[in-house]
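Here is the structure we will look at.
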Amino acid sequence: LKDQFDNLDKHTQWGIDFLEKYAKFVKERIEIEQNYAKQLRNLVKKYCPKRSPKDEEPRFTSCIAFFNILNELNDYAGQREVVAEEMGHRVYGELMRYSHDLKTERKMHLQEGRKAQQYLDMCWKQMDNSKKKFERECREAEKAQQSYERLDNDTNATKADVEKAKQQLNLRTHMADENKNEYAAQLQNFNGEQHKHYYIVIPQIYKQLQEMDERRTIKLSECYKGFADSERKVIPIISKCLEGMILAAKSVDEHRDSQLVIDCFKSGFEPPGDFPFEDYSQNIYRTISDGTISTPKQEGMRIDTKTTVGKAKGKLWLFGKKPKPQSPPLTPTSLYTSSTPNGSQYPIFSIEPVHYCMSDIKTGKPRIPSFRSLKRGNFCLQGPALEDFSHLPPEQRRKKLQQRIDELNRELQKETDQKDALIKMKDVYEKNPQMGDPSSLQPKLTETMSNMDRLRMEIHKNEAWLSEVEGKVAARSDRRHSSDINHLVTQGRESPEGSYTDDANQEVRGPQQQHAHPNEFDDEFEDDDPLPAIGHCKAIYPFDGHNEGTLAMKEGEILYIIEEDKGDGWTRARRHNGEEGYVPTSYIDVTLEKNSKGA
């Protein structure tokens, strides 16, 4: 390779170009990783739910699993960014720095090689010049010798011409000898420099270029390994992300989702009962039995049978929208007396008022509160429609009230902790006045106590509403069986048109019971059974019961338990005289009885 300097120059340049080409490849791979991670994050951001109120948070296992998968995918995108960062720092950056150093080193070695070659060329030129000069002087000396021999042999030549030719010969011979010596010296010097060039200088330069190229190859090998290590380091974390996705997929529970749907849309209403038979032939039978024709006024009050049947069919549509009936109010003139063949008389409703009453009872809101609520004293606890959730179905109302009670209990616990902290700080200030003024904490302590009282009142009010709706649901469930036996249509359930009322005690009798005595309407509500007792308790401590909805008791008094403690510290009890209310669970000794529902 002593004469392959130009080829080595080209090879080292190719090596640097290849190094930069690989660096460009790594850079493009980094850009791909960065774009991939960015697109993944944008995808996750697009499908991740925005911050929503607590009530709108996803509860279905399939939704929660999907959001967990999105979180894992976001972590996966972060690992792709780690790969790009590691490649950029460990591979691409190192390659660019090494490429710059390699170019500098190569340039230096090539300059040394060119300088050595230029010095050798200069020595060769000096030797060649001395050689040419020596050759020229030798030819001149030969010409001078030939001229001297020609004059010396010429008899006509003078002695002066011969002497002059001889001197010229001696001069040329002397100059040839000097050029010969100079040529020999230059030749010896060139041979020495040439030997040094090819055996010392050039091999050393080539060795340096070889070492440089080998280091370049080693650096490429290290970058190849670093390129793979950057990917391999994140594989465990990526595997955890994928395992998290698999666990999220396994966490999907179709039965739980179905139960959530049931709990979410469960209204607590009973299915609508059977429609009573409306006998429109009574008037005909009465007319035949009376043997007379009704007065024109009564005939004008009759309604068309086809029209009535059409309206009845409209009522039977379960999800249809029905305009509110604009029937005239029921007046005493709508009653008339009919006599039987034996002479007895009884009051009878005409067709239009009966139809109006049935429509008003089925679709209208109750005009008075529930008699049961009035009897138990719960009507006074009802607040505005949006405050006590009375606009919701019973089951949803119970859930909302329970959630609000839990939130109020948490707030009360925070205020209690704050009060304890203020009391401790006040004690510290009283013992160490230099730390602070105890009186400065009194306004904050007073405010905290006021907040606690306010929260307790809110909790008690919501608990009263909760007990009311739970009592209604239980009573509605108990009446469902009796209504099937007595063929009664219970008011307060969902109507065929989807409306409902809060009165769970008004009932409409069938046509066969229309001739009952008017006082039986009041007896229907008076006979409504109270909630059954599920046990009894004995008062350990006396309780004043000043708050609304509570029940005062004396120490040692025996009460019936009609509702267990729901976890809020209150138990619903009843005295022997029927008075009901809530008492603190910690103040009583409770004994629950088996099979005591009908006790």
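From the backbone N, Cα and C atoms, a Cβ is placed for every residue, glycine too.
Annotations in TrEMBL come from automatic prediction, not curation.
Here TrEMBL flags 1-257 as domain 'F-BAR'. Confidence annotation: the domain 'F-BAR' (1-257) carries a mean pLDDT of 90 in the model.
For 124-168 (among others), the entry in TrEMBL reads coiled coil. Under 8 Å from some Cβ of the coiled coil (124-168) lie the Cβ atoms of residues 175-176, 178-180, 182-183, 185-187, 189-190, 194, all in the same chain and six or more residues away from its ends.
Look at TrEMBL and you will find 391-468 tagged as domain 'REM-1'.
As annotated by TrEMBL, coiled coil applies to 398-432 (among others).
Taken from TrEMBL, the feature compositional bias 'Basic and acidic residues' applies to 474-484.
Among the features that TrEMBL reports, compositional bias 'Acidic residues' is placed at 521-530.
TrEMBL lists 532-593 with the feature domain 'SH3'. With DSSP classes pooled into helix, strand and coil, the tally for the domain 'SH3' (532-593) is 3 helix, 29 strand, 30 coil.
DSSP places the residues of the domain 'REM-1' (391-468) in helix, strand and coil in these numbers: 72 helix, 0 strand, 6 coil.
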